[in-house]
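To keep things clear, I will list the structure first and then write my remarks on it.
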Amino acid sequence: MPVIVLEAKDFTSPLFLVRTWEVLSGCTTFSLVASLEPSELNKNSSNHQHLQTLRIFCMFSWCFFFTLTLLIHILSIIQFHSLIPISWKNLTMTAAVLGALMCLSASVVFPWIVMDHQRATPRLVAAVVASCITFLGYTSESYVLRTQAQEQRGYMGSMPGLLKILQVWGGCHMIPLVVEICGLPTFAHSWQLWVSGVSYGVCVLMSLVTLVVILGDFAGRCFLPFDKLLAGFSLIGVLLFMVATVISFIKILHLRDLGQRIPNKSAELVIMETVVASITLLAYTVDLAFSIKLLCDRSHT
């Protein structure tokens, strides 16, 4: 099959421009961060040995979505994506929205937690600015894709699809946070850490299964009706994140009681966990409402 390259007018299309923007700014971001000396990062905190997890999280976000966007960009240019056995429209929407959310997280976590605020060098500031520009690029691509017709956006461009991307983001965000919080000075009961960790792990697994089924167009091959499976996943996600969110608020109350005996970084991580858990719980709750409405509409037809 001959390879078809885009026409000249396609190189000035909004999608081509924003993806080029994402590739350049993403490459700039992780290159700047990789070139930093250890002394330029936050070494004043008593927990600095644990903060490497969050730095890895930021680097993974920038590098992974740079690689994925570059691959999507190349396949779009040579028009080779039709030979790939995945749903291309769902893949591009997922990459754009999830890339925007992950780059936003990295743009917040890196300057807030990882950076040394007392010794902010020009390269550190440039890395944060480049990360914010990358986030704007993915946000612009998400907007461009959302303005397309429904058949071009696919399921992930609908409101339930966007909520599922938000759930993936919440689960991915919780993995490094759980690792960090487990390494903090003991201020929470071990059962709280175990329950939270298991809840997040189960939800991440369900989100990944949902993504694989949607991107691979496997909905018709599921052993259960896919809409009922999604409703079940949403219900389990609501219950598990409800428990995890309550535990997070209990940790905050415990931190307040301990006062000055807990480092600031510990409080910041617990607050971040509570905020992300609350947002993800809201996403699961709204998604469950959409799933119930869909099942009720189908039962009446």
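Positions of Cβ are set from backbone N, Cα and C atoms, glycine also.
Here's what TrEMBL has on this protein:
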- 10-150: domain 'MARVEL' (DOMAIN)
- 54-78: transmembrane segment (TRANSMEM)
- 90-113: transmembrane segment (TRANSMEM)
- 125-145: transmembrane segment (TRANSMEM)
- 166-187: transmembrane segment (TRANSMEM)
- 193-218: transmembrane segment (TRANSMEM)
- 230-250: transmembrane segment (TRANSMEM)
- 270-290: transmembrane segment (TRANSMEM)
Leading stretch by Cβ pairs under 8 Å, where the reference is the transmembrane segment (230-250) and the options are 54-78, 90-113, 125-145, 193-218, 270-290: 270-290
Range from 54-78, 90-113, 125-145 with most C-beta pairs under 8 A to the transmembrane segment (193-218): 90-113
Reported mean pLDDT - the domain 'MARVEL' (10-150): 85
